[in-house]
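Undergrad: Marked as active site by TrEMBL: 223. TrEMBL lists 62, 134 with the feature substrate binding site. Annotated Mn(2+) binding site per TrEMBL: 135, 247, in sequence order. Residues or ranges marked as domain 'Fringe-like glycosyltransferase' in TrEMBL: 42-291.
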């Protein structure tokens, strides 16, 4: 009798275990089960669509500095969106996209170029869209380290806000009415990235002429419009990252030893003083006011134009990009 009772108890426990496993199998998403069976391939630079926004009057200055430094390391995956053709840039094999956008710094002109960036990315097979301005230094190794930390096929909008609070705006409604809206946005001057899955969800408000139309609804420029679409239209929260930097912040506060970990850097004039990272090197501040050449030679000391003194320096990025 005791044996039969023990047997019944074991059978009950076995049935309960089978039922639990069956329920877990139904609850667990198919994609997650597939991932467990087949690991995702590592993210590569070829998976990223890097978009640089510029204008014709900065081709010989800001853009030239980027072409000489970090774009030389990401040439095949970087697309330069401008408003003026440039045979010098095109003849060197850089990907230059001449838009029909006006050569000005208006909300409409900025949104026009962002719309072009979005459409070109969607027409590609890339997994990520990463936008930067022509006063940004992009560290490809740090960018890869950041993006590969996110789960594959997830809704990611990552960057750094320029405000310490959500943006406040007026959304235009039908009947000449408005309503207050609050949302976070990643400042375009520091750069930001969008995953393909999220970019696909943005299409009703971002594809073709829709991006400029959405921008007009809130009467704000391109970077604000991206935040509005992601946070207000889709209800997806922006991921805040301190690895992106614009000229709007005090770049002198960046510790030199932390510079190789940053995804983007910037520079600009503030109160008649150059706002750039404080980094010692062979180049003087007159020779390299942005400090981009100094940063580049510390990251890639074997670059042909880098001073001999820096060629024996530690290559901070060597483990990611040879």
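Backbone N, Cα and C define each Cβ position, glycine as well.
Annotations in TrEMBL come from automatic prediction, not curation.
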Undergrad: 10 Å Cβ neighbour count around residue 223 (active site)?
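TA: So the Cβ neighbour count for residue 223 (active site) comes to 25.
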Undergrad: Going by DSSP, is the residue listed as 'active site' sitting in a helix, a strand, or coil?
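TA: Where the residue listed as 'active site' sits, the three-state DSSP reduction gives helix.
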Undergrad: Indicate the candidate from 134, 135 with the smallest number of other Cβ atoms within 10 Å of its Cβ, considering only these binding-site residues.
TA: 134
Undergrad: Can you give me the Cα-Cα distance between residue 62 (substrate binding site) and residue 135 (Mn(2+) binding site) in Å, rounded to a whole number?
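TA: Residue 135 (Mn(2+) binding site) has its Cα 6 Å from the Cα of residue 62 (substrate binding site).
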Undergrad: C-alpha of residue 223 (active site) to C-alpha of residue 134 (substrate binding site): distance in Å?
TA: 15
Undergrad: Hey, how far is residue 247 (Mn(2+) binding site) from residue 134 (substrate binding site), Cα to Cα, in Å?
TA: 12
Undergrad: For residue 62 (substrate binding site), just count the other CB atoms lying within 10 A of its CB, please.
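TA: By my count, 19.
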Undergrad: Through the lens of DSSP with three states only, how would you label residue 62 (substrate binding site)?
TA: helix
Undergrad: Please report the three-state DSSP label of residue 134 (substrate binding site).
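TA: Looking at the DSSP assignment, residue 134 (substrate binding site) belongs to neither helix nor strand, so coil.
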Undergrad: For residue 247 (Mn(2+) binding site), just give me the three-state DSSP call.
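TA: Coil, per DSSP.
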Undergrad: Grab the pLDDT values for the domain 'Fringe-like glycosyltransferase' (42-291) and give me their mean, rounded.
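TA: So the average pLDDT across the domain 'Fringe-like glycosyltransferase' (42-291) works out to 96.
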